[in-house]
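Listed in Swiss-Prot for this protein:
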- Lys162: active site, charge relay system (ACT_SITE)
- Glu252: active site, proton acceptor (ACT_SITE)
- Cys286: active site, nucleophile (ACT_SITE)
- Glu464: active site, charge relay system (ACT_SITE)
- Thr26, Ile27, Asp93, Val180: K(+) 1 binding site (BINDING)
- Gly150, Ala151, Trp152, Lys176, Pro177, Ser178, Glu179, Gly230, Val231, Ala232, Ser233, Gly254, Cys286, Glu387: NAD(+) binding site (BINDING)
- Leu246, Lys457, Gly460: K(+) 2 binding site (BINDING)
- Cys286: cysteine sulfenic acid (-SOH) (MOD_RES)
- Glu248: site 'Seems to be a necessary countercharge to the potassium cations' (SITE)
Amino acid sequence: MSRMAEQQLYINGGYTSATSGRTFETINPATGEVLATVQAAGREDVDRAVESAQRGQKIWAAMTAMERSRILRRAVDLLRQRNDELARLETLDTGKPLSETAAVDIVTGADVLEYYAGLIPALEGSQIPLRDSSFVYTRREPLGVVAGIGAWNYPIQIALWKSAPALAAGNAMIFKPSEVTPLTALKLAEIYSEAGLPDGVFNVLPGIGAETGQYLTEHPGIAKISFTGGVASGKKVMANSAASSLKEVTMELGGKSPLIIADDADLDLAADIAMMANFYSSGQVCTNGTRVFVPAKQKAEFEHKILERVGRIRPGDLFADDTNFGPLVSFPHRDNVLRYIESGKREGARLLCGGEALKGDGFDNGAWVAPTVFTDCSDEMTIVREEIFGPVMSILSYTDEAEVIRRANATEYGLAAGVVTPNLNRAHRLIHQLEAGICWINSWGESPAEMPVGGYKHSGIGRENGVMTLQSYTQVKSIQVEMGKFQSIF
């Protein structure tokens, strides 16, 4: 593949060179080839983007709800028309198979934008009667300029999850994609402009997270930060946001989620769910159910079914129709995942399969790790306690409900959880005791536009998707109207 042209920043409706003079490279993780050199935004570029966003936001917010809705719907149409083009670029940048990016990444992002475009006319205030001569009414007004900071695992989907409610509510957004996967966010900016979004309402600033991201969190002209990433980075973002100007924050952070297989579960269904909860996107999904709790008496049979299904994983050419497993997103991340795997071996977990980098057959130059399953795991092991963000499943056995609930909740995380059982009374009883913000019964992983998603504990603050997220991008103004005679005590 030929190297792409140097990528610039997208500010005020068009591409512009970074003033910092700094660049970084984005890599195809399947082959190790450089895809493009990307310009990195500096502090002056953030200032330019904020000024542009402030101008554009005034124009955008002054439009009627239906005008804004039509523009966002045009962007939805453009996304769907260009699905294949965007999916191919996402595959090159992330290492996900085309079978995945073409069916999920752009499609689900467009769904969220369509959902919020439809909600714009329904964004309304309320009227509260006080007495015959007086009433209060409320208005939901935009925050102004907000910033989104994305993660590298779902680049365009995350950009849409953050920008859709923000723009629908009348805000402007400055989006910083991960430096690991920056390419499709720039294409999204082009699409928004083509759809008719006023200049400056959606700006994209590629850059190094510790620098560009910090400039955004510290900028007094930004009213809110929506961040997706790790817990440690999220705490820094939150601290900077509070110290600078008491910004509002939404945080979608890490997870170490439990998947509980009940003793009455269909083990074939349970194994299918566990595979999707661990190996989809090569395990690089924040909600993955990496702690798989299985009744002790059924563990051996469950292990057998998992190994059967691991045999159906097909790594290879990312553009081949039958490939369903790709490399990890980068070489540093691959090395980190391999270190976790070695810790599992060292701490006494029994390795059922994988446990190493994939070699040969075109894998040598990429960031490939074999699908890995550990069993006989215990709660204190590093692979059970810490988020790995790779294709590593840990199987743990349990004896009764009280035990498995206690152990499932014994984590600083609280992003997701799941239960597999045909007994819905039991399913609800278990789910209601689990400390997690996103839960599934007899399923895993679907996050439709209508469903609020977010975590408990260290897994985040606030929600993405759903009606409540649209409201979180507004501020409420209360107005009392007095129609009678005003009484003064002076």
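Just so you know, the numbers here start at 1 and follow the chain as drawn.
Even glycines carry a Cβ here, placed using N, Cα and C.
Other Cβ atoms within 10 Å of the Cβ of Pro177 (NAD(+) binding site), summed over all protein chains shown, number 30. Fewest other C-beta atoms within 10 angstroms, among the binding-site residues Thr26, Ser233, are seen around Ser233. Among the recorded positions Thr26, Trp152, Lys162, Glu252, Lys457, the ones whose Cα is located within 10 Å of the Cα of the residue listed as 'active site, nucleophile' are Glu252. Summarising the environment of Glu179 (NAD(+) binding site), the number of other Cβ atoms within 10 Å of its Cβ, over all protein chains shown, is 21.
Neighbouring residues of the recorded K(+) 1 site, listed in sequence order and excluding Thr26, Ile27, Asp93, Val180, comprise Glu25, Asn28, Pro29, Leu35, Thr94, Trp152, Glu179, Thr181, Pro182, Leu183, Val329, Ser330 (Cβ within 8 Å of the Cβ centroid). Sequence-distant neighbours of Gly460 (K(+) 2 binding site): residues of the same chain at least 6 apart with a C-beta under 8 Å from its C-beta are Gly234, Thr250, Met251, Glu252, Leu253, Leu415, Gly437, Gly454.
For the NAD(+) site, whose binding residues are given in the record as Gly150, Ala151, Trp152, Lys176, Pro177, Ser178, Glu179, Gly230, Val231, Ala232, Ser233, Gly254, Cys286, Glu387, the maximum C-alpha distance rounds to 24 Å. Close to Glu179 (NAD(+) binding site), meaning Cα to Cα within 10 A, are the following recorded positions out of Thr26, Lys162, Lys457: Thr26.
Spatially, by CA atoms, the binding-site residues Ile27, Asp93, Val180, Lys457 include one closest to Val231 (NAD(+) binding site), and that is Lys457.
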